[in-house]
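*Asks:* Reproduced below are the annotations present in TrEMBL:
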type	residues	note
SIGNAL	1-22	signal peptide
DOMAIN	297-538	domain 'Peptidase M12B'
BINDING	His484, His488, His494	Zn(2+) binding site
ACT_SITE	Glu485	active site
Amino acid sequence: MLKNKRVLLLRFLLVFFPCIEGASRLNEYIHHYEALDYDPVEVHERHMRVKRWTEVSQAEGSEEPSVHLAFSAHQRKFELRLKRDTSVFSNRLTVEGDNGPLQEPIDTSHVYAGHLEGVADSHVFGSIQNGVFDGKIITPVGTYYVERAHKYTLPSTNASLHSVIYADHDVHDPYEPMRTGHAKGCGITEDVMEWMQSIQNSAEENLPELNHPKSKPLRKEGITAEKLTSNFHDFQLPDLDHTHDHAYAKYYKEANSQPPPNSFLSNLNRTLTNHNSYTIENNSRKRRAFKSGPPKTTCHLSIQTDPLLWKHIQDQIRTDDETKVREEILSLIAQHVKAVNHIYSNTLFQGKEQYKNIRFEVQRIKIDTDKACRADHRGEKNLFCIENIDVSNFLNLHSLSDHEAFCLAYVFTYRDFTGGTLGLAWVASASGASGGVCEKYKTYTETIAGVYQSTKRSLNTGIITFVNYNSRVPPKVSQLTLAHEIGHNFGSPHDYPSKCRPGGSDGNYIMFASATSGDRPNNSKFSDCSVKNISSVLDAIIHDTK
(Lines of atoms letter the chains of each structure in order from A; the text may use other names.)
(Lines give C-alpha, C1' and ligand atoms only; values in the text may rest on other atoms or scores of the structure.)
Protein backbone atom coordinates (compact mmCIF):
# COMPACT_ATOMS: atom_id res chain seq x y z
CA MET A 1 0.00 0.00 0.00
CA LEU A 2 2.81 2.39 0.91
CA LYS A 3 4.55 1.66 -2.40
CA ASN A 4 1.34 2.41 -4.33
CA LYS A 5 1.02 5.75 -2.55
CA ARG A 6 4.63 6.59 -3.39
CA VAL A 7 4.01 5.81 -7.06
CA LEU A 8 0.87 7.97 -7.14
CA LEU A 9 2.68 10.85 -5.43
CA LEU A 10 5.61 10.56 -7.83
CA ARG A 11 3.32 10.60 -10.85
CA PHE A 12 1.47 13.65 -9.48
CA LEU A 13 4.71 15.57 -8.98
CA LEU A 14 6.05 14.62 -12.40
CA VAL A 15 2.90 15.46 -14.29
CA PHE A 16 1.44 18.43 -12.41
CA PHE A 17 4.45 20.61 -11.65
CA PRO A 18 5.93 20.55 -15.18
CA CYS A 19 2.63 21.96 -16.39
CA ILE A 20 3.23 24.96 -14.16
CA GLU A 21 6.84 25.42 -15.29
CA GLY A 22 6.16 24.96 -18.98
CA ALA A 23 4.85 22.59 -21.59
CA SER A 24 8.14 20.99 -22.63
CA ARG A 25 7.74 17.79 -20.61
CA LEU A 26 6.01 15.07 -22.61
CA ASN A 27 5.32 12.61 -19.79
CA GLU A 28 6.99 11.11 -16.72
CA TYR A 29 9.86 9.73 -18.79
CA ILE A 30 10.48 12.45 -21.38
CA HIS A 31 11.62 15.78 -19.95
CA HIS A 32 11.65 17.81 -23.15
CA TYR A 33 10.10 17.52 -26.60
CA GLU A 34 9.44 19.70 -29.62
CA ALA A 35 6.54 19.60 -32.06
CA LEU A 36 7.30 18.86 -35.70
CA ASP A 37 5.91 20.95 -38.52
CA TYR A 38 5.80 19.51 -42.03
CA ASP A 39 3.06 18.68 -44.52
CA PRO A 40 1.98 15.03 -44.11
CA VAL A 41 -0.02 15.21 -47.35
CA GLU A 42 3.18 15.67 -49.37
CA VAL A 43 4.91 12.87 -47.47
CA HIS A 44 1.94 10.57 -48.04
CA GLU A 45 2.09 11.24 -51.78
CA ARG A 46 5.80 10.35 -51.82
CA HIS A 47 5.06 7.19 -49.86
CA MET A 48 2.35 6.20 -52.36
CA ARG A 49 4.84 6.60 -55.22
CA VAL A 50 7.15 4.17 -53.44
CA LYS A 51 4.28 1.77 -52.83
CA ARG A 52 3.22 1.86 -56.49
CA TRP A 53 6.81 1.14 -57.51
CA THR A 54 6.80 -1.84 -55.15
CA GLU A 55 3.62 -3.20 -56.71
CA VAL A 56 4.28 -2.41 -60.40
CA SER A 57 7.60 -0.92 -61.44
CA GLN A 58 9.87 -3.15 -59.36
CA ALA A 59 9.52 -5.99 -61.86
CA GLU A 60 10.56 -3.66 -64.67
CA GLY A 61 13.96 -3.04 -63.09
CA SER A 62 13.56 0.71 -62.59
CA GLU A 63 15.41 2.46 -59.78
CA GLU A 64 13.65 2.36 -56.43
CA PRO A 65 12.32 5.80 -55.41
CA SER A 66 12.96 7.29 -51.99
CA VAL A 67 11.03 9.51 -49.62
CA HIS A 68 12.62 12.83 -48.68
CA LEU A 69 11.47 14.43 -45.44
CA ALA A 70 12.90 17.64 -43.98
CA PHE A 71 12.14 19.44 -40.73
CA SER A 72 13.87 21.56 -38.10
CA ALA A 73 14.04 20.85 -34.37
CA HIS A 74 16.50 20.98 -31.47
CA GLN A 75 18.36 23.85 -33.14
CA ARG A 76 19.29 21.83 -36.21
CA LYS A 77 17.88 20.68 -39.53
CA PHE A 78 17.01 17.07 -40.27
CA GLU A 79 16.86 15.88 -43.87
CA LEU A 80 15.76 12.26 -43.99
CA ARG A 81 16.30 10.16 -47.11
CA LEU A 82 14.29 6.95 -46.74
CA LYS A 83 13.70 3.79 -48.75
CA ARG A 84 11.41 0.92 -47.91
CA ASP A 85 13.04 -1.47 -45.47
CA THR A 86 13.00 -5.14 -46.45
CA SER A 87 15.64 -6.25 -43.94
CA VAL A 88 13.41 -6.84 -40.92
CA PHE A 89 10.71 -9.13 -42.31
CA SER A 90 11.55 -12.38 -44.07
CA ASN A 91 10.42 -12.75 -47.68
CA ARG A 92 8.59 -15.81 -46.36
CA LEU A 93 6.90 -13.88 -43.56
CA THR A 94 3.61 -15.35 -42.36
CA VAL A 95 1.16 -13.31 -40.30
CA GLU A 96 -1.50 -15.08 -38.26
CA GLY A 97 -4.59 -13.81 -36.55
CA ASP A 98 -6.92 -15.36 -34.01
CA ASN A 99 -7.92 -18.17 -36.37
CA GLY A 100 -4.73 -18.91 -38.25
CA PRO A 101 -2.95 -17.31 -41.22
CA LEU A 102 -4.52 -14.10 -42.50
CA GLN A 103 -6.03 -14.40 -45.95
CA GLU A 104 -5.48 -10.80 -47.05
CA PRO A 105 -2.01 -9.70 -48.26
CA ILE A 106 0.25 -8.22 -45.61
CA ASP A 107 1.44 -4.71 -46.44
CA THR A 108 4.84 -3.79 -45.03
CA SER A 109 5.49 -0.95 -47.48
CA HIS A 110 5.10 1.59 -44.67
CA VAL A 111 8.34 0.38 -43.03
CA TYR A 112 11.36 2.52 -43.98
CA ALA A 113 15.09 2.88 -43.33
CA GLY A 114 17.68 5.38 -44.52
CA HIS A 115 20.01 8.13 -43.36
CA LEU A 116 20.37 11.86 -42.80
CA GLU A 117 21.62 13.66 -45.88
CA GLY A 118 25.06 15.12 -45.33
CA VAL A 119 25.62 13.26 -42.03
CA ALA A 120 28.10 10.40 -42.22
CA ASP A 121 27.40 7.31 -40.10
CA SER A 122 23.78 8.32 -39.55
CA HIS A 123 20.95 5.80 -39.48
CA VAL A 124 17.20 6.34 -39.66
CA PHE A 125 14.46 3.73 -39.39
CA GLY A 126 10.74 3.77 -38.72
CA SER A 127 7.42 3.87 -40.53
CA ILE A 128 5.26 6.31 -42.49
CA GLN A 129 1.52 6.12 -41.92
CA ASN A 130 -0.89 8.75 -43.21
CA GLY A 131 2.13 10.84 -44.18
CA VAL A 132 3.56 10.95 -40.65
CA PHE A 133 6.99 9.52 -39.84
CA ASP A 134 7.49 7.60 -36.60
CA GLY A 135 10.93 6.22 -35.79
CA LYS A 136 14.50 6.67 -34.63
CA ILE A 137 17.32 8.91 -35.89
CA ILE A 138 20.87 7.93 -34.92
CA THR A 139 23.71 10.41 -35.48
CA PRO A 140 27.35 10.43 -34.31
CA VAL A 141 26.49 13.17 -31.81
CA GLY A 142 23.13 12.01 -30.51
CA THR A 143 19.98 9.96 -31.02
CA TYR A 144 16.46 11.29 -31.52
CA TYR A 145 13.04 9.68 -31.37
CA VAL A 146 10.07 10.78 -33.44
CA GLU A 147 6.60 9.65 -32.39
CA ARG A 148 3.10 10.33 -33.57
CA ALA A 149 1.31 12.78 -31.33
CA HIS A 150 -1.67 10.50 -30.69
CA LYS A 151 0.53 8.41 -28.38
CA TYR A 152 0.56 11.22 -25.83
CA THR A 153 -1.80 13.57 -24.06
CA LEU A 154 -0.52 16.94 -25.20
CA PRO A 155 -1.48 20.36 -23.83
CA SER A 156 -1.68 21.83 -27.32
CA THR A 157 -5.12 22.32 -28.85
CA ASN A 158 -3.59 22.51 -32.31
CA ALA A 159 -5.35 19.78 -34.27
CA SER A 160 -2.63 19.80 -36.92
CA LEU A 161 0.06 18.67 -34.45
CA HIS A 162 0.91 15.26 -35.85
CA SER A 163 4.24 14.29 -34.27
CA VAL A 164 6.87 15.14 -31.69
CA ILE A 165 10.65 14.72 -31.48
CA TYR A 166 12.87 14.35 -28.43
CA ALA A 167 16.53 13.53 -27.76
CA ASP A 168 17.64 10.38 -25.98
CA HIS A 169 19.36 12.42 -23.26
CA ASP A 170 15.95 13.87 -22.36
CA VAL A 171 14.57 10.41 -21.52
CA HIS A 172 14.89 9.44 -17.85
CA ASP A 173 13.41 6.58 -15.85
CA PRO A 174 11.50 8.08 -12.91
CA TYR A 175 10.52 4.64 -11.57
CA GLU A 176 14.01 3.18 -11.23
CA PRO A 177 14.02 3.72 -7.43
CA MET A 178 10.65 1.95 -7.20
CA ARG A 179 11.75 -1.29 -8.83
CA THR A 180 12.38 -4.26 -6.57
CA GLY A 181 14.88 -7.07 -6.50
CA HIS A 182 18.43 -7.45 -7.72
CA ALA A 183 17.34 -7.22 -11.35
CA LYS A 184 15.46 -3.95 -11.59
CA GLY A 185 13.52 -4.04 -14.86
CA CYS A 186 14.58 -7.56 -15.82
CA GLY A 187 12.49 -10.33 -14.28
CA ILE A 188 15.49 -12.49 -13.38
CA THR A 189 15.57 -12.07 -9.63
CA GLU A 190 17.31 -14.65 -7.43
CA ASP A 191 14.17 -16.72 -6.85
CA VAL A 192 13.25 -16.62 -10.52
CA MET A 193 16.79 -17.60 -11.51
CA GLU A 194 16.73 -20.64 -9.21
CA TRP A 195 13.34 -21.70 -10.58
CA MET A 196 14.48 -21.28 -14.19
CA GLN A 197 17.67 -23.23 -13.58
CA SER A 198 15.71 -26.07 -12.00
CA ILE A 199 13.59 -26.30 -15.15
CA GLN A 200 16.54 -25.98 -17.52
CA ASN A 201 18.41 -28.78 -15.76
CA SER A 202 15.40 -31.12 -15.86
CA ALA A 203 15.30 -31.93 -19.57
CA GLU A 204 14.11 -35.42 -20.43
CA GLU A 205 17.59 -36.84 -20.93
CA ASN A 206 18.41 -35.86 -17.33
CA LEU A 207 15.35 -37.40 -15.68
CA PRO A 208 16.00 -39.57 -12.58
CA GLU A 209 15.49 -43.29 -12.84
CA LEU A 210 12.23 -43.75 -10.98
CA ASN A 211 12.89 -47.45 -10.34
CA HIS A 212 16.31 -46.84 -8.84
CA PRO A 213 16.33 -48.06 -5.20
CA LYS A 214 17.53 -44.65 -3.98
CA SER A 215 14.99 -42.71 -5.97
CA LYS A 216 12.15 -41.11 -4.06
CA PRO A 217 8.83 -42.31 -5.46
CA LEU A 218 6.97 -39.49 -7.13
CA ARG A 219 3.58 -39.34 -8.75
CA LYS A 220 3.83 -38.28 -12.39
CA GLU A 221 1.32 -35.76 -13.65
CA GLY A 222 1.24 -33.78 -16.86
CA ILE A 223 1.07 -29.99 -16.92
CA THR A 224 -1.31 -28.29 -19.31
CA ALA A 225 -1.81 -24.62 -20.05
CA GLU A 226 -5.19 -24.81 -18.32
CA LYS A 227 -3.61 -26.23 -15.16
CA LEU A 228 -0.87 -23.66 -15.27
CA THR A 229 -3.30 -20.75 -15.47
CA SER A 230 -5.99 -22.13 -13.17
CA ASN A 231 -4.15 -21.28 -9.99
CA PHE A 232 -1.70 -18.48 -10.75
CA HIS A 233 -2.05 -16.75 -7.43
CA ASP A 234 -1.04 -19.88 -5.50
CA PHE A 235 2.02 -20.65 -7.59
CA GLN A 236 5.22 -20.08 -5.64
CA LEU A 237 8.73 -20.06 -7.01
CA PRO A 238 11.34 -21.93 -4.99
CA ASP A 239 12.60 -19.81 -2.10
CA LEU A 240 16.27 -20.69 -2.21
CA ASP A 241 18.78 -18.80 -0.11
CA HIS A 242 21.65 -18.03 -2.49
CA THR A 243 23.46 -14.76 -2.87
CA HIS A 244 23.46 -13.08 -6.26
CA ASP A 245 27.26 -13.08 -6.33
CA HIS A 246 27.25 -16.88 -6.18
CA ALA A 247 24.66 -17.17 -8.93
CA TYR A 248 26.33 -14.74 -11.30
CA ALA A 249 29.79 -16.14 -10.57
CA LYS A 250 28.55 -19.47 -11.92
CA TYR A 251 27.90 -17.91 -15.32
CA TYR A 252 31.10 -15.87 -15.34
CA LYS A 253 33.11 -19.03 -14.66
CA GLU A 254 31.37 -20.75 -17.58
CA ALA A 255 32.43 -17.98 -19.93
CA ASN A 256 36.08 -18.78 -19.24
CA SER A 257 35.90 -22.57 -19.38
CA GLN A 258 35.59 -25.16 -22.10
CA PRO A 259 31.99 -26.28 -22.66
CA PRO A 260 31.44 -30.01 -22.17
CA PRO A 261 30.50 -32.29 -25.08
CA ASN A 262 26.94 -33.34 -25.90
CA SER A 263 25.38 -30.12 -24.67
CA PHE A 264 22.20 -28.50 -25.85
CA LEU A 265 22.87 -26.17 -28.80
CA SER A 266 24.92 -28.59 -30.87
CA ASN A 267 22.74 -28.02 -33.90
CA LEU A 268 24.06 -24.61 -34.98
CA ASN A 269 26.90 -26.10 -37.01
CA ARG A 270 24.33 -28.03 -39.01
CA THR A 271 22.02 -25.07 -39.32
CA LEU A 272 24.82 -22.75 -40.41
CA THR A 273 25.35 -24.98 -43.45
CA ASN A 274 21.91 -26.43 -44.07
CA HIS A 275 19.15 -24.06 -42.95
CA ASN A 276 15.58 -24.47 -44.14
CA SER A 277 13.31 -21.46 -43.74
CA TYR A 278 10.04 -21.69 -41.86
CA THR A 279 6.94 -22.11 -43.94
CA ILE A 280 3.38 -23.10 -43.12
CA GLU A 281 3.58 -25.99 -45.61
CA ASN A 282 6.84 -27.47 -44.34
CA ASN A 283 7.35 -26.90 -40.64
CA SER A 284 9.76 -29.74 -39.90
CA ARG A 285 11.09 -29.88 -36.37
CA LYS A 286 14.44 -30.95 -37.78
CA ARG A 287 14.98 -27.46 -39.13
CA ARG A 288 16.89 -24.83 -37.24
CA ALA A 289 16.27 -21.13 -37.36
CA PHE A 290 19.83 -19.89 -37.46
CA LYS A 291 21.59 -19.43 -40.80
CA SER A 292 24.91 -18.07 -41.89
CA GLY A 293 26.57 -17.02 -45.07
CA PRO A 294 28.92 -14.21 -45.81
CA PRO A 295 28.70 -11.58 -44.58
CA LYS A 296 25.97 -12.12 -41.96
CA THR A 297 24.38 -14.54 -39.52
CA THR A 298 20.62 -14.33 -39.17
CA CYS A 299 18.41 -15.44 -36.29
CA HIS A 300 14.81 -16.03 -37.41
CA LEU A 301 12.16 -14.78 -35.00
CA SER A 302 8.58 -15.62 -34.17
CA ILE A 303 6.82 -12.69 -32.49
CA GLN A 304 3.37 -12.85 -30.96
CA THR A 305 1.46 -9.82 -29.71
CA ASP A 306 -1.18 -10.50 -27.09
CA PRO A 307 -4.75 -9.16 -26.62
CA LEU A 308 -3.68 -6.54 -24.08
CA LEU A 309 -1.28 -4.95 -26.56
CA TRP A 310 -3.99 -5.05 -29.25
CA LYS A 311 -6.43 -3.24 -26.96
CA HIS A 312 -3.85 -0.61 -26.01
CA ILE A 313 -2.94 0.18 -29.62
CA GLN A 314 -6.57 0.17 -30.72
CA ASP A 315 -7.38 2.71 -28.00
CA GLN A 316 -4.27 4.73 -28.82
CA ILE A 317 -5.03 5.23 -32.51
CA ARG A 318 -8.78 5.43 -31.85
CA THR A 319 -9.98 3.09 -34.56
CA ASP A 320 -11.91 -0.15 -35.03
CA ASP A 321 -10.16 -0.74 -38.35
CA GLU A 322 -8.24 -3.97 -37.74
CA THR A 323 -5.97 -3.36 -40.73
CA LYS A 324 -4.81 -0.06 -39.22
CA VAL A 325 -4.16 -1.71 -35.86
CA ARG A 326 -2.12 -4.45 -37.53
CA GLU A 327 -0.07 -1.86 -39.44
CA GLU A 328 0.71 -0.13 -36.16
CA ILE A 329 1.76 -3.44 -34.60
CA LEU A 330 3.94 -4.28 -37.60
CA SER A 331 5.62 -0.87 -37.23
CA LEU A 332 6.22 -1.50 -33.53
CA ILE A 333 7.80 -4.88 -34.25
CA ALA A 334 9.92 -3.52 -37.11
CA GLN A 335 11.34 -0.64 -35.07
CA HIS A 336 12.30 -2.90 -32.18
CA VAL A 337 13.94 -5.55 -34.33
CA LYS A 338 15.77 -2.86 -36.31
CA ALA A 339 17.05 -1.28 -33.09
CA VAL A 340 18.27 -4.65 -31.82
CA ASN A 341 19.95 -5.33 -35.18
CA HIS A 342 21.82 -2.04 -34.91
CA ILE A 343 23.30 -3.19 -31.60
CA TYR A 344 24.10 -6.82 -32.40
CA SER A 345 25.36 -6.31 -35.95
CA ASN A 346 27.87 -3.75 -34.68
CA THR A 347 29.24 -6.08 -32.01
CA LEU A 348 32.11 -8.46 -32.70
CA PHE A 349 31.71 -11.64 -30.67
CA GLN A 350 35.16 -13.17 -30.40
CA GLY A 351 35.58 -16.72 -29.11
CA LYS A 352 37.33 -19.58 -30.85
CA GLU A 353 35.67 -18.12 -33.93
CA GLN A 354 34.68 -14.58 -34.92
CA TYR A 355 30.96 -13.89 -35.13
CA LYS A 356 30.21 -10.76 -37.15
CA ASN A 357 27.00 -9.07 -38.24
CA ILE A 358 24.58 -11.08 -36.11
CA ARG A 359 21.11 -9.89 -37.01
CA PHE A 360 17.46 -10.81 -36.55
CA GLU A 361 14.71 -11.33 -39.10
CA VAL A 362 11.02 -11.84 -38.36
CA GLN A 363 9.66 -14.96 -40.02
CA ARG A 364 6.33 -15.37 -38.23
CA ILE A 365 4.00 -12.91 -36.53
CA LYS A 366 0.89 -13.85 -34.58
CA ILE A 367 -1.37 -10.93 -33.74
CA ASP A 368 -4.03 -11.67 -31.13
CA THR A 369 -7.07 -9.39 -31.08
CA ASP A 370 -9.10 -8.99 -27.90
CA LYS A 371 -12.17 -10.74 -29.32
CA ALA A 372 -11.50 -13.95 -27.41
CA CYS A 373 -11.33 -11.92 -24.18
CA ARG A 374 -14.89 -10.62 -24.42
CA ALA A 375 -17.63 -12.04 -22.24
CA ASP A 376 -19.77 -13.01 -25.24
CA HIS A 377 -16.96 -14.98 -26.93
CA ARG A 378 -17.97 -18.57 -27.65
CA GLY A 379 -14.88 -19.85 -29.47
CA GLU A 380 -11.58 -21.25 -28.31
CA LYS A 381 -10.09 -19.66 -25.21
CA ASN A 382 -6.99 -17.48 -25.45
CA LEU A 383 -5.07 -17.88 -22.21
CA PHE A 384 -3.23 -14.61 -22.85
CA CYS A 385 -6.53 -12.87 -22.04
CA ILE A 386 -5.83 -13.52 -18.36
CA GLU A 387 -4.57 -10.23 -16.97
CA ASN A 388 -3.31 -11.14 -13.51
CA ILE A 389 -0.33 -13.30 -14.42
CA ASP A 390 3.08 -12.72 -12.89
CA VAL A 391 6.00 -12.47 -15.26
CA SER A 392 7.37 -15.96 -14.56
CA ASN A 393 4.07 -17.65 -15.30
CA PHE A 394 3.56 -15.48 -18.36
CA LEU A 395 6.88 -16.66 -19.79
CA ASN A 396 6.04 -20.21 -18.75
CA LEU A 397 2.70 -20.01 -20.56
CA HIS A 398 4.40 -18.79 -23.73
CA SER A 399 6.98 -21.56 -23.44
CA LEU A 400 4.34 -24.32 -23.52
CA SER A 401 3.93 -23.88 -27.29
CA ASP A 402 6.24 -25.48 -29.84
CA HIS A 403 8.66 -22.81 -31.14
CA GLU A 404 11.37 -25.20 -32.33
CA ALA A 405 11.11 -23.98 -35.93
CA PHE A 406 12.57 -20.63 -34.89
CA CYS A 407 15.79 -19.31 -33.45
CA LEU A 408 13.83 -17.31 -30.84
CA ALA A 409 10.15 -16.72 -30.05
CA TYR A 410 8.91 -13.63 -28.20
CA VAL A 411 5.63 -12.25 -26.91
CA PHE A 412 5.06 -8.49 -26.84
CA THR A 413 2.49 -7.50 -24.24
CA TYR A 414 1.01 -4.47 -22.50
CA ARG A 415 0.67 -5.68 -18.93
CA ASP A 416 1.98 -3.99 -15.82
CA PHE A 417 4.05 -6.62 -14.02
CA THR A 418 4.73 -6.16 -10.33
CA GLY A 419 8.06 -4.78 -9.20
CA GLY A 420 8.56 -2.76 -12.37
CA THR A 421 9.55 -5.79 -14.47
CA LEU A 422 9.99 -5.02 -18.17
CA GLY A 423 11.05 -8.41 -19.56
CA LEU A 424 12.12 -11.99 -18.91
CA ALA A 425 13.85 -14.67 -20.98
CA TRP A 426 15.51 -18.06 -20.61
CA VAL A 427 19.30 -17.81 -20.28
CA ALA A 428 21.45 -19.98 -22.55
CA SER A 429 24.49 -21.71 -21.12
CA ALA A 430 27.54 -23.34 -22.68
CA SER A 431 27.69 -25.91 -19.89
CA GLY A 432 24.85 -28.22 -20.86
CA ALA A 433 21.66 -26.77 -19.35
CA SER A 434 18.78 -26.39 -21.77
CA GLY A 435 17.40 -23.02 -22.79
CA GLY A 436 18.12 -20.09 -25.05
CA VAL A 437 18.82 -19.65 -28.72
CA CYS A 438 17.68 -22.50 -31.05
CA GLU A 439 16.54 -24.73 -28.19
CA LYS A 440 14.39 -27.77 -29.03
CA TYR A 441 10.83 -28.37 -27.88
CA LYS A 442 11.19 -31.12 -25.28
CA THR A 443 10.02 -32.45 -21.96
CA TYR A 444 10.99 -30.85 -18.65
CA THR A 445 9.99 -31.84 -15.13
CA GLU A 446 9.16 -30.22 -11.84
CA THR A 447 8.48 -31.61 -8.40
CA ILE A 448 5.62 -29.64 -6.89
CA ALA A 449 4.22 -30.73 -3.52
CA GLY A 450 5.69 -34.20 -4.01
CA VAL A 451 4.09 -34.60 -7.41
CA TYR A 452 6.42 -35.38 -10.30
CA GLN A 453 5.11 -33.19 -13.13
CA SER A 454 6.38 -33.17 -16.68
CA THR A 455 5.48 -31.10 -19.71
CA LYS A 456 6.93 -30.09 -23.05
CA ARG A 457 8.33 -26.60 -23.32
CA SER A 458 10.23 -24.38 -25.73
CA LEU A 459 12.93 -22.54 -23.82
CA ASN A 460 14.08 -20.43 -26.77
CA THR A 461 11.58 -17.83 -25.59
CA GLY A 462 11.23 -14.44 -23.95
CA ILE A 463 8.73 -11.66 -23.28
CA ILE A 464 8.76 -7.86 -23.02
CA THR A 465 6.09 -5.40 -21.93
CA PHE A 466 5.41 -1.82 -23.00
CA VAL A 467 3.87 -0.51 -19.78
CA ASN A 468 5.43 0.11 -16.38
CA TYR A 469 3.76 1.60 -13.32
CA ASN A 470 0.73 2.46 -15.45
CA SER A 471 2.84 4.49 -17.89
CA ARG A 472 3.65 3.57 -21.48
CA VAL A 473 7.35 2.78 -21.75
CA PRO A 474 9.16 5.00 -24.29
CA PRO A 475 10.72 3.17 -27.26
CA LYS A 476 14.25 3.81 -26.04
CA VAL A 477 13.57 1.76 -22.92
CA SER A 478 11.61 -1.04 -24.62
CA GLN A 479 14.20 -1.40 -27.40
CA LEU A 480 17.01 -1.79 -24.88
CA THR A 481 14.83 -4.21 -22.93
CA LEU A 482 14.44 -6.43 -26.00
CA ALA A 483 18.20 -6.30 -26.66
CA HIS A 484 18.81 -7.19 -22.99
CA GLU A 485 16.45 -10.18 -22.96
CA ILE A 486 17.83 -11.52 -26.25
CA GLY A 487 21.25 -11.19 -24.63
CA HIS A 488 20.03 -13.68 -22.01
CA ASN A 489 18.84 -16.02 -24.78
CA PHE A 490 22.31 -15.84 -26.32
CA GLY A 491 24.03 -16.79 -23.07
CA SER A 492 24.76 -13.64 -21.12
CA PRO A 493 23.62 -13.32 -17.51
CA HIS A 494 23.57 -9.92 -15.87
CA ASP A 495 26.96 -8.24 -15.95
CA TYR A 496 29.37 -9.68 -13.39
CA PRO A 497 31.85 -8.93 -11.82
CA SER A 498 32.16 -5.24 -10.98
CA LYS A 499 34.61 -4.47 -13.80
CA CYS A 500 31.77 -5.10 -16.25
CA ARG A 501 29.35 -2.77 -14.48
CA PRO A 502 31.48 0.37 -14.14
CA GLY A 503 28.77 3.03 -13.98
CA GLY A 504 30.15 6.55 -13.94
CA SER A 505 29.91 9.01 -16.79
CA ASP A 506 30.06 6.28 -19.44
CA GLY A 507 27.26 4.33 -17.79
CA ASN A 508 26.61 0.60 -17.52
CA TYR A 509 26.26 -1.88 -20.36
CA ILE A 510 23.21 -3.56 -21.91
CA MET A 511 23.31 -6.57 -19.58
CA PHE A 512 23.42 -4.50 -16.40
CA ALA A 513 20.75 -5.91 -14.10
CA SER A 514 18.78 -2.66 -13.84
CA ALA A 515 17.23 -0.81 -16.76
CA THR A 516 19.77 1.73 -18.04
CA SER A 517 19.07 5.34 -18.92
CA GLY A 518 20.09 4.67 -22.52
CA ASP A 519 21.84 7.99 -23.10
CA ARG A 520 25.39 7.09 -22.03
CA PRO A 521 28.05 5.54 -24.29
CA ASN A 522 27.98 2.08 -22.71
CA ASN A 523 24.19 1.75 -22.52
CA SER A 524 23.87 0.36 -26.05
CA LYS A 525 26.97 -1.84 -25.91
CA PHE A 526 27.83 -5.25 -24.52
CA SER A 527 30.47 -5.48 -21.80
CA ASP A 528 33.52 -7.71 -22.23
CA CYS A 529 31.88 -10.16 -19.82
CA SER A 530 28.74 -10.37 -21.97
CA VAL A 531 30.78 -10.75 -25.15
CA LYS A 532 32.71 -13.64 -23.56
CA ASN A 533 29.54 -15.36 -22.36
CA ILE A 534 27.77 -15.02 -25.71
CA SER A 535 30.89 -16.04 -27.63
CA SER A 536 31.19 -19.11 -25.41
CA VAL A 537 27.66 -20.21 -26.32
CA LEU A 538 28.20 -19.51 -30.02
CA ASP A 539 31.43 -21.53 -29.90
CA ALA A 540 29.56 -24.42 -28.29
CA ILE A 541 26.98 -24.27 -31.07
CA ILE A 542 29.39 -24.04 -33.97
CA HIS A 543 31.68 -26.78 -32.61
CA ASP A 544 28.78 -29.11 -31.81
CA THR A 545 29.59 -29.24 -28.12
CA LYS A 546 26.38 -27.65 -26.86
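Residue 1 is the first one shown; counting continues down the chain.
Quick reminder: no glycine exception, Cβ is built from N, Cα and C everywhere.
Buried or exposed, and what's around them? Tell me for each listed feature.
*Replies:* Annotation note: His494 (Zn(2+) binding site) sits in a coil segment as assigned by DSSP.
For Glu485 (active site), the same-chain residues that are 6 or more apart in sequence and have a Cβ closer than 8 Å to its Cβ are Cys186, Tyr410, Gly423, Leu424, Ala425, Gly462, Ile463, Ile464.
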*Asks:* Using a 10 Å cut-off, grab the number of neighbouring Cβ atoms around the Cβ of His488 (Zn(2+) binding site), all chains included.
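*Replies:* Total other Cβ atoms inside 10 Å, all chains included: 28.
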*Asks:* Taking His484, His494 as the binding-site residues to compare, which has the smallest set of other Cβ atoms within 10 Å?
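*Replies:* Sparsest of the binding-site residues His484, His494 by Cβ contacts within 10 Å: His494.
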